[in-house]
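Reviewing the structure listed below.
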Amino acid sequence: MNTNQIILTNQNDNSVNVWSNVTQDLYNYYGEALYNSWFSKVNFIESSLNTVILCAPTNFIRDWIKSKYSVVILQLFQHYNNAIKTVEIITKELPASNQATLELPTKTFADIGSSELNSENIFSTFDIRFTFDNFVVGAPNELAYAAARAVAESSSAVSESNPLFLYGGVGLGKTHLMHAIGWYIKQNNPSRKVIYMSAEKFMYQFVKALRNKEVMSFKEKFRSVDVLMIDDIQFICGKDSTQEEFFHTFNTLIDNNRQMVISCDRSPSDLDDIEDRIKSRLGWGLVADVHSTTYELRLGILESKIEQMNVKVPKDAIDFLASKIVSNVRELEGALNKVIAHSNFTAKEITLENTQNILRDLLRSNERIITVEDIQKKVANRYNIKLSDMSSPRRMRTIARPRQIAMYLSKILTPKSLVDIGKKFGKKDHTTVMHAIKKVEELLESDLELREEINLMMKILQN
């Protein structure tokens, strides 16, 4: 048998073939609606040497899959057969006998039974789109990134960061990092047992185990893994039985030198309705904040995404997106996807003007125009200084530091240039503004209290 070829067996065959694995993974990753829209009518034709050939029903579907999903599809094929180097997608009429499509059952993670969860098919719960390679690193997330990478690459059973606790707002990259850890381990150390799931699903599985009298099986499954990652731990707040089970699972894994990674929307100390003994343990290892994006980070994320999708977006449109979509990465990428989809559907090139028109409703619903004056008032009030101190030449630390913070927030939350920001602070030179921003960014790397303070001010200003 030629090992470079993918062999499609009859669907009644018990063996699992590569194409069915790939389609199942696409279904798991993207969900039923998107799978049915783009992948369900794609057929496997053949493999020759290092190339797989697929067939799409229309040129439009072929081009759309090529632009958005070709990298993911290739990575999935390579996971099952690393000899594959390229995936080609063609369009042509096919006799029914040559078509290999897959009817997939509608199944959510919550429907998976304990026997399946005990199997080695844990890989399918990791989203191949979320890797370390496509995670854009900047000042707001570099500590979390470095810690997550250290966990994934650790040559020992556990890293020095155990447990690793990632916290921050919605859509800032916590889940991306957790998937990246799992994906990296399964690629580079496939013998290690890794489970990732949300706290909600952890609770669901626990309740199901209680109902079916399978508690011992549940305990064995979760307490025998090498790496356990629980997303959105705040979900178990106020749920006493689930907290009790999580507490004992946590203790068992830590005592046995197994790695834990936890994510949350707030720091351990800010969790309400959760036992103090759990709060304490969540802070045992490294607590890393994934805080709000900077303009530069948003710009980097957009440029990386555009390169992955192989589309042309003019610089002024990219700048517009980075300046206006400030809430989180998820919304930023969603806005970019909307602009690109509109361009593909209408066959119109992307311009600043049509970007503004396409996103008008989104921006209007989110609209909260923040001015430099708003920021100055908020910061002056927070630090109990006069508003006039923002534009004064006084250099006392109690005045200079709040002024630097206000300059930093003005750069993050407004589209103003450094020159324009300087004018609002007593006609200061743009180099003074640059120095202030750099100073605050340096402080944010080591001063957790300041980081939380600035995050809070940003949320208040944005809402």
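Going from the start of the chain as shown, residues are counted 1 onward.
Note that Cβ sites are derived from N, Cα and C of the backbone, with glycine treated the same way.
If you look up Swiss-Prot, you'll see 1-84 marked as region 'Domain I, interacts with DnaA modulators', on the strength of sequence analysis. Among the features that Swiss-Prot reports, region 'Domain II' is placed at 84-124, with the record citing sequence analysis. Annotation comment: Swiss-Prot describes 125-343 as region 'Domain III, AAA+ region'. The ATP binding site feature in Swiss-Prot is assigned to G171, G173, K174, T175. Under the heading region 'Domain IV, binds dsDNA', Swiss-Prot lists 344-463, citing sequence analysis as support.
Annotated features, which come from Swiss-Prot, shown on the structure.
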{"residue": "G171", "record": "ATP binding site", "CB count, 10 Å": "17"}
{"residue": "G173", "record": "ATP binding site", "CB count, 10 Å": "27"}
{"residue": "K174", "record": "ATP binding site", "CB count, 10 Å": "25"}
{"residue": "T175", "record": "ATP binding site", "CB count, 10 Å": "20"}
Residues sitting within 8 A of the centre of the G171, G173, K174, T175 CB atoms (ATP site), not counting those, run G168, V170, L172, H176, L177, S263, V290, N328, V329, R330
For the region 'Domain IV, binds dsDNA' (344-463), jot down how many residues DSSP puts in helix, in strand and in coil. 89 helix, 0 strand, 31 coil
If you run the three-state DSSP split on T175 (ATP binding site), which class comes out? helix
Using DSSP, how many residues of the region 'Domain I, interacts with DnaA modulators' (1-84) fall into helix, strand and coil, respectively? 44 helix, 11 strand, 29 coil
